[in-house]
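> Dumping the structure here so I can ask a few things about it.
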Amino acid sequence: MHQQPFYNSTVQRVGTMSLVRSAEPATASCRNTNLYSIQDSSDSTGMAIRMFGSDKHKPVYVMDSYSSESYEKYFLDSPTDELIHSSSSGISGSSVRLQDVSSCQIRDYLEIQSPDTLDSDLDKMKLKLKELERALLADNDVDGDDDMFGTGLSMEVDGEWSDPIRMGSHHDSPKESSSSGTYLDSVSGNKEVSHVSSQTPKQMLIECAAILSEGHIEKASAIINELRQKVSIQGDPPQRIAAYMVEGLAARMAASGKCLYKALRCKEPPSSDRLAAMQILFEVCPCFKFGFMAANGAIIEAFKGEKRVHIIDFDISQGSQYITLIQTIAKLPGKPPHLRLTGVDDPDSVQRLNGGLEIVGLRLEKLAEILGVPFEFRAVPSRTSLVAPSMLDCKPGEALIVNFAFLLHHMPDESVSTINQRDQLLRMVKSMNPKLVTVVEQDVNTNTSPFFPRFIEAYSYYSAVFDSLDATLPRESQDRMNVERQCLARDIVNIIACEGEERIERYEVAGKWRARMIMAGFKSCPMSSNVIDTIQKLIKEYCDRYKLKEDVGALHFGWEDKSLIVASAWS
């Protein structure tokens, strides 16, 4: 079958990928027929209409139906064999080469060193092993609270992971062992093929990441080719997540992470397919929706005693959060307060609508008019990093509220630039003296961790997300595959394959967000029992495998024992 170019049209393809395989039927399910009306996957209209079309004021996006063949075309074989020209004695410094690449120049994400250089760089290897040890055995959270559900570790290290990790760090110092005695070099030839073939996709992923982190491109390529034969975007959750993570590894190896991320993101405003997929993700993986609900609950309580309220949102996206907020305001006893909403219309926003925020504003204004809520909307066209208080038109007599929902992790911090846009934005908001600031973010560290522990963190986090989707949508569902491809795969590839400014999915654990807020001058405003009880009741309607836990004033929403989303309020 002819496959469309994916990394770059000039890169030749090798072999056949096997992302699409026969799917095994899902096991235990948490599907609630009252909440989900799942139709046959042949229905090209998808879930977007069924979930959001019932309310005429909510945006309706219709997704194209994707066949299995289209997904096979979506990912292209990494040109691993054609990019590697290493001698039998080792890997030369020029061992990776893209042919006639113009649009995506090779980045030095991964330093591919000669054997001599590797020998002289043993101290760095030792440091990397120590970093890994700290990541696995210590708490990533500054306050030790990222283990929200009593697992004892922020990253689960079970039997499948333990052997590669233990063997990879067996020696106290790399200097104490010869290159022929290391774990990576012991896996070679037929022994390597046999060893890899007996492993699960999870074991193969961690082994490949460990090998790749030390610059062993040829060995990583062999595992990638073998792993591709075991994974499927229609299989069980471990196969599905492996299908996307292996492409992130291949992109990192080929130094084409930026190219693959752009192909997934398209550098264009999100299509209706992606917008629909995002809405479905928020519905079928309700931890995201619970985060919005917690923020709205805190905002509504801040309305008490106020006649005029001004909300500033730095990433309104499709405005779904404010549809719900306006509907709730309309039901408040007495005369509703006047609401003024200011949205920052950042042209670089991942979630920016085609046509900008004016479309969102018109829809919200119409809804508010129908419901009798005094409402004004204003879009501020500016990059988030350039926003100043004078641009936001704050007025005396208005209670100021600022909402950060899944925005702050896109702001570069001190690990990327000395400018530290993340903390700079928080300090700027504090200077405006808001009555309330709400923060909703993913609860995982993909920001400052080195590649290998970051890979393990990402696998642990997204495994829980993929598992939750397995309990909600059928494996053959086109809606589910769109959610995984349009929303999750893009983030996974960016986390694994990109570095520096090009790695924009920089999540942090709850304790680090709390530390940033405190350093900016904010004080925690714990969620009220009313907000917690309301969300808790809704969680029970979904599935008992979804969890809610309050910790240090923040609400953590998770799947089984893994915290996924954290929501907090500040003043």
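Each residue, glycine too, has its Cβ placed from N, Cα and C.
Bear in mind that TrEMBL entries carry predicted annotations, made automatically and left uncurated.
So TrEMBL has the following annotated:
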type     : residues : note
REGION   : 160-196  : region 'Disordered'
COMPBIAS : 181-196  : compositional bias 'Polar residues'
REGION   : 199-259  : region 'Leucine repeat I (LRI)'
REGION   : 278-343  : region 'VHIID'
MOTIF    : 309-313  : motif 'VHIID'
REGION   : 359-391  : region 'Leucine repeat II (LRII)'
REGION   : 497-571  : region 'SAW'
> Using a Cβ-Cβ cut-off of under 8 Å, list the residues of the same chain that are 6+ residues beyond the ends of the region 'Leucine repeat II (LRII)' (359-391) and lie near it.
57, 59, 314-316, 318-319, 322-323, 326-327, 329-330, 336-349, 353, 407, 411, 419, 421, 424-425, 428, 431-432
> Tally the residues of the region 'Leucine repeat I (LRI)' (199-259) by DSSP class, grouping H, G and I as helix, E and B as strand, and everything else as coil.
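Breakdown, helix to coil: 45 helix, 0 strand, 16 coil.
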> Looking only at the region 'Leucine repeat I (LRI)' (199-259), what is the model's average confidence as pLDDT?
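A mean pLDDT of 91 is what the model gives the region 'Leucine repeat I (LRI)' (199-259).
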